[in-house]
Amino acid sequence: MNPNQKIITIGSVSLTIATVCFLMQIAILVTTVTLHFKQHECDSPASNQVMPCEPIIIERNITEIVYLNNTTIEKEICPEVVEYRNWSKPQCQITGFAPFSKDNSIRLSAGGDIWVTREPYVSCDPGKCYQFALGQGTTLDNKHSNDTIHDRIPHRTLLMNELGVPFHLGTRQVCVAWSSSSCHDGKAWLHVCVTGDDKNATASFIYDGRLMDSIGSWSQNILRTQESECVCINGTCTVVMTDGSASGRADTRILFIEEGKIVHISPLSGSAQHVEECSCYPRYPDVRCICRDNWKGSNRPVIDINMEDYSIDSSYVCSGLVGDTPRNDDRSSNSNCRNPNNERGNPGVKGWAFDNGDDVWMGRTISKDLRSGYETFKVIGGWSTPNSKSQINRQVIVDSNNWSGYSGIFSVEGKRCINRCFYVELIRGRQQETRVWWTSNSIVVFCGTSGTYGTGSWPDGANINFMPI
């Protein structure tokens with residue numbers, strides 16, 4: 001090959017390489033421009049689309065780095081918009097309840113630093129469930145645990161842990177409270193925390209970790225609330241609060257809260273005579289609560305809360321198999337759906353039930369006199385027919401030889417329906433077990449199932465002789 005041919009060949013190869021490089025640079029430029037404009041296409045509205053005025057919470061904002069031929073391109077992944085919960089799905093159809101969680105707090109207290117608690121409950125955010133309880137400002141193996149049978153002291157605080165995690169020393173103290181309720185509106189937690197003097201207590205409303213509002217006692221007689229979850233629909237949360245006599249006429253009010261601020265207060269109306277410690281659940285578009293009549297009735301009051309116009313109605317569960325303790329035996333107990341049955345109304349215990357068409361699912365202590373044992377069952381016609389007593393699908397949760405306590409409901413939203421779950425407080429120590437000076441609890445939790453299930457008993461399980469005095 002002569003020199004001229006070599007020059008021509010080298011020139012051709014160089015031109016080819018230059019052309020390829022030029023085309024690659026054009027491709028990189030096009031890719032860069034395309035990705036730059038795509039990152040602004042996340043949920044961008046049409047020019048004539050009206051955007052909502054409420055704030056939008058960005059849950060995550062991730063930047064992805066892509067390396068192309070020494071050129072850096074940043075691509076922003078579309079942020080996820082968090083919305084208020086509306087609970088519009090139907091209620092799950094169930095055959096009974098299956099075990100879900102048990103924290104074994106008392107057994108663990110025999111050899112570890114576990115809080116002394118009572119009044120536990122469970123509530124869930126859209127992704128995870130949490131257990132709450134009112135701590136006594138002390139662990140069990142501590143002299144401060146003496147005489148913790150008392151309900152209202154200034155050292156009590158609301159504790160919060162992931163469900164199944166006992167209240168250890170690292171547990172978060174959410175607020176100061178000897179009575180409480182908590183719920184998640186889809187964006188943040190609301191905590192209602194009552195503390196202070198019996199005759200002049202304060203309820204603090206804490207939303208997203210900030211104190212947003214408060215209200216003082218209106219009857220100067222132990223302002224108190226649900227001891228279980230409140231309910232939020234489309235950004236409005238509702239909670240039932242009572243101030244007044246525990247064994248006579250009291251003043252119950254239903255509060256409506258938006259992002260921690262009280263927006264309305266409705267008085268109790270309807271036929272319920274006394275209302276405390278309600279267990280509430282969403283019944284879209286409204287909220288329904290099953291409560292404790294501590295005055296006249298061993299049948300449980302029902303409160304229906306209209307979330308649109310703030311109107312309130314109340315009545316009583318129709319089932320003649322009544323849910324409170326103490327109560328008459330099942331042969332002689334009664335309920336006419338509208339009024340208290342005037343059967344062993346005082347004192348009572350927190351409990352739950354929920355409607356299922358004309359029927360009702362409910363839980364109660366097995367003993368008619370004491371807080372011992374726990375059972376669940378369905379009463380045919382128990383929601384619509386006065387004094388109905390046809391019971392099916394009975395399950396023993398805690399056998400009659402073991403202590404129980406308060407119980408309450410919480411709701412869990414699935415892909416197709418809303419499931420109902422409940423917890424049972426398993427009280428140990430005083431006043432029933434006088435070998436020790438403390439009073440505390442563990443919990444067991446069950447959820448509705450459409451499947452089959454077996455039998456068993458899930459008591460607290462601690463040997464009182466192994467426990468610190």
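First residue shown is number 1, and so on along the chain.
Cβ coordinates are placed from backbone N, Cα and C, and glycine is handled just like the others.
Swiss-Prot annotates R118, R152, E276, E277, R371 as substrate-binding residues; of R107, R288, R292, R364, the candidate listed for that same site is R292. Among the candidates C230, C237, the disulfide partner that Swiss-Prot records for C232 is C237. Among the candidates D324, D329, D330, the residue that Swiss-Prot annotates alongside D293, G297 as binding Ca(2+) is D324. Counting every protein chain shown, the number of other Cβ atoms lying within 10 Å of the Cβ of D293 (Ca(2+) binding site) is 22. C417 (disulfide bond) falls outside any helix or strand according to DSSP and counts as coil. Across the fold, the C-alpha of C280 (disulfide bond) and the C-alpha of C129 (disulfide bond) stand 16 Å from each other. Residue environment of E277 (substrate binding site) contains 25 other Cβ atoms, counted within 10 Å of its Cβ in all protein chains. Inclusion criterion for the recorded positions C124, C232, C237, D293: a C-alpha placed within 10 angstroms of the C-alpha of C183 (disulfide bond); this criterion is met by C124, C232, C237. Of all the glycosylation sites listed here (N86, N200, N234), the one with the fewest other CB atoms within 10 A of its own CB is N200.
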